[in-house]
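Engineer: Pasting a structure below so you can have a look.
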Amino acid sequence: MQTNELISYLDGLLKPWLVKDYAPNGLQVEGKSDIRTIVTAVTADQYAVDRAVELGADCLLVHHGYFWKSEPAVITGMKQRRLKALLSNDINLIGYHLPLDIHPKLGNNAQLGQMLGINNIRPLEAGNDTCLVLRGELEPSLSGDALTKLLEQQLGRSPLHIAAHSRPIKTVAWCTGGAQDYLDQVAAMGIDAFISGEVSERTYHSAVEQGTDYFSAGHHATERGGIKALGEHLASQFDVSVTFVDTPNPV
Ligand SMILES: [Zn+2]
């Protein structure tokens, strides 16, 4: 398919205009005009770029692309090496950040909720369809240890569990990636547990003092779902081959 055609399809699906983001969504680095082979990855790191080159990909499609609001504009070092490899191999880099967190079916949050078998999934802020945090209920409710095991089974990585109470966990909220600071908002709503990807020193105190269990399940691990689901969706809709490349990132 044509690169333009893929971009307009992805824009129509993920609607990047609905959210204010801090990286450009869509085509970030232009490559060849025809796409047959797509490599998907959480991040356009050198590992993923190298695999895309090896696999003869026409497009690298990611959740974390380049050109973040706060990053230096100059193209040197790590950034130069990544861009050089993409440009010299004519590989398109396409990235969708927040739109791929919040998509109601293919999004990272929706995929994590589905993996954990959570019921009655809805935005934390009622009626806000672009809310970055989702909530729902575990049926039956689980102990903290059982939820730890479930996360480990589903994500292949043992989460850090900060236990703040000993009651069963029924109500849960979650947001993939580095969203630990939504914990205060979640705790104020009396939700039993909050799951995200990363953790800070302050997270421990917020969890324990406000009585909401916290699970740090890995930024990379919690954000594989969206890009994998998006790749599978594209392979089912178009005549393209899609391969997911999983950089071994323990964070
Ligand atoms: Zn992320």
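Backbone N, Cα and C define each Cβ position, glycine as well.
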Engineer: Do you know which of Asp11, Asp21, Asp101 TrEMBL groups with His63, His219, Glu223 in the divalent metal cation 1 site?
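Structural biologist: Of the residues offered, the record points to Asp101.
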Engineer: Excluding His63, Asp101, His219, Glu223 themselves, which residues in that chain have a Cβ inside 8 Å of the centre of the Cβ atoms defining the divalent metal cation 1 site?
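Structural biologist: So the additional residues around the site are Val42, His64, His97, Leu100, Asn108, Thr176, Gly177, Gly197, His220, Thr222, Gly226.
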Engineer: Count the other Cβ atoms sitting within 10 Å of the Cβ of Asp101 (divalent metal cation 1 binding site), across every protein chain shown.
Structural biologist: 25
Engineer: Pick from His63, His64: which of these binding-site residues has the biggest number of other Cβ atoms within 10 Å of its Cβ?
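Structural biologist: Most Cβ neighbours within 10 Å: His63.
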Engineer: With DSSP assignments reduced to helix, strand and coil, which class does Asp101 (divalent metal cation 1 binding site) get?
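Structural biologist: Reduced to three states, the DSSP call for Asp101 (divalent metal cation 1 binding site) is helix.
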Engineer: With Cβ-Cβ distance below 8 Å and at least 6 positions apart along the chain, what are the contacts of His219 (divalent metal cation 1 binding site)? List them in sequence order.
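Structural biologist: When sequence neighbours closer than 6 are ignored, His219 (divalent metal cation 1 binding site) has Thr176, Gly177, Gly178, Gly197, Glu198, Asn249, Val251 within Cβ distance under 8 Å.
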Engineer: What kind of secondary structure is His63 (divalent metal cation 1 binding site) part of, going by DSSP in three states?
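Structural biologist: Going by the DSSP assignment, His63 (divalent metal cation 1 binding site) falls within a strand, counted as strand.
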